[in-house]
Amino acid sequence: MSSSDVARQGQERNARPLSLSGHVGFDSLPDQLVSKSTNQGFCFNILCIGETGIGKSTLMDTLFNTNFENFESSHFEPRVKLRAQTYDLQESNVRLKLTIVNTVGFGDQMNKQESYQHVVDYIDTQFESYLQEELKIKRALHNYHDSRIHACLYFIAPSGHSLKSLDLVTMKKLDSKVNIIPVIAKADTISKSELHKFKIKIMSELVSNGVQIYQFPTDDETVSKINTSMNGHLPFAVVGSTEEVKIGNKMVKARQYPWGVVQVENENHCDFVKLREMLICVNMEDLREQTHTRHYELYRRCKLEEMGFKDTDPESKPVSLQETYEAKRQEFLLELQRREEEMRQMFVQRVKEKEAELKEAERELQGKFEQLKRLHADEKSKLDDKRKSLEDEMNSFSKKKAAAELLQGQSLSANSNIKKDKDRKNSGFM
Amino acid sequence: MADTAKTTHPQPAGRPEKGAEFGYVGIDAILEQMRRKAMKQGFELNIMVVGQSGLGKSTLINTLFKSKVSRRSVMPSDEERIPKTIEIKSVSHDIEEKGVRMKLTVIDTPGFGDQINNENCWQPIMKFINEQYEQYLQEEINISRKKRIPDSRVHCCIYFIPPTGHCLRPIDIEFMRHLSKVVNIVPVIAKADTLTLEERDFFKQKIREDLRVNEIEVYPQKEFDEDSEDRMINDKIREMIPFAVVGSDQEYQVNGKRLLGRKTRWGTVEVENTAHCEFAYLRDLLIRTHMQNLKDITSSIHYEVYRVRRLNENNTHPSDQPNGHSNGVPTHEVLSHEM
């Protein structure tokens, strides 16, 4: 930056410019910053949108020079799904946590009206979880694994004519939420002249429909030249391949056809190198920054406004977030209280009903008990009667028996008396 | 719907040498991108100096940044004017070195420790520091907020200990005890050229003992060491604090070289000579190695503590005392100046 900029900024920020008379040493600050970031590691999330079989996974493999263990998806998905996979990559001393999100089943349904919605929802969910973390009271932002999508590669089918309506609709819905980089997939099916016309057609359609794709930044002098020229090559026509073919005496990534070999890293054959250059080598940090300062802030603003927070109230006086938050909280607490009261009432009601039921049951039981008791008493009295009568019978029987015995005894003694008399008589007679 | 992410570790096929056509992805180019972005944005640093008048605070700042940061021609000299209360004076400067631009803000506290009754002398300073946190917090919770929130939070507070040679005074202990919880404190022994090396070592030991007994954690705080490498480096620093410094903005000829120093009849104290005083260590710590760390600890730890306390205040009943880092000032209303 020139000294005039320094002076201008000094005026803006109420700071006077000062000249140093010796080496202080704070020029090591960028190094300190970089070493801190290296220790923490970096995070980058790419979203690939495109029809099934258009070459998304192959391109990712080619771009990052590894095999991401993808498997082919079927064409019969009922709904668009998103599959996210996270990888830890390392090159020299830089560790990158790369998340690749692929759409599954995009463009396969008969009715594609809802296709873009799932993608939009996914992107919003990532923003939402970051917002939640930021709004927490006890938060850990520097340790947070940032899952917001930093770049969206939109794969355009190489028809050679123009964009499909699904493409236009999807990109229109996404352009305010994510950095869109359109690429023409399987570019080896288009000839050079057709490609040129195709690119012009695509860009003009995007412009006329008001779709804002990601522009590589041109404000920094070190990269503005290369970025401006690359902006003119959009959308990049790419070819992906993980197979290697021997050309000359080197093994290069290429696709072999009977009529020739398409070399992936040959700039005459396709724009793959340009894509890699732009996406990774030159603008990765800018993509992350745009996501954070533009798309995320927009989301945050809309979300908070939706929830009813404002910076200024209808009289244009600044309203603090806390006051609104307090008011909302009070509302919420009142609502909770009301619900609690309702539930309590319901509970009391139920208890009363149950009580009544139980009382009823108790009464019934009591009634039954009484009845049984009565029956029992009846039976008892009956039995008593019977016993009494039995006893009476026994008594009378025993009386009779006693009388009979007495009689018998008497008669016996009479007999014996008679006998004795007889004997006496007999003996007396003798 | 997104499935949950799973982490795998594919073999990194990238070769480290740049320019190799085959196998190079370019992930490490992000370091260069970050550096570019940082250089473009510039840096901010806010240093506060606290100490009694006459301890050489302004001179030390001038020596640290090799320029007339405090313009004594503008400020009345210290003998003429001793402020009735503690003032907080904040002056910003734009400095640039080898393409790196920095906005340096020096916050001076004239009047600290100069009154007859110095009780609660730390309160205005605490209030100022909390005000900066409050300002940042308000900006952060706005609906539409700026791209870069201006950072006026105090990153480092240099506390000047007078070279008595005995131990810490009550005012020192009080101040550091309260403020070490909200800001990074770097204690230094001012005007260390009045102490011999043995006296200096004894004094330092005594100070470290006092700090330990009063449970005062000065920078670099033990609890924020991230890994064993950090701990090793910081342990070496902790063995040396407080740094015994001498400041000077005048150059003298010593052994054919022009050096910053203080000339006396019995010799010249060279400021940047580590055998004479520890200014070079202080400068290296503050500027060359730990500047980013100071800012990180301020923003991710001290500021977060403030934020938690502030946001919790709205939830708990005002009569509850916030637990954790308490500053001793009764908080019965949600007003920043009473925190």
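Even glycines carry a Cβ here, placed using N, Cα and C.
If you look up TrEMBL, you'll see A:1-21 (among others) marked as region 'Disordered'.
Confidence across the domain 'Septin-type G' (A:40-306), taken as the mean pLDDT and rounded to a whole number, stands at 86. Sequence annotations record features per position, and here TrEMBL assigns domain 'Septin-type G' to A:40-306.
The region 'Disordered' annotation in TrEMBL covers A:380-430 (among others).
The compositional bias 'Basic and acidic residues' annotation in TrEMBL covers A:380-391 (among others).
According to TrEMBL, the compositional bias 'Polar residues' annotation covers A:408-417.
The compositional bias 'Basic and acidic residues' annotation in TrEMBL covers A:418-430 (among others).
Mapped onto DSSP helix, strand and coil, the compositional bias 'Polar residues' (A:408-417) counts 10 helix, 0 strand, 0 coil. As a summary of secondary structure, the compositional bias 'Basic and acidic residues' (A:380-391) carries 12 helix, 0 strand, 0 coil according to DSSP.
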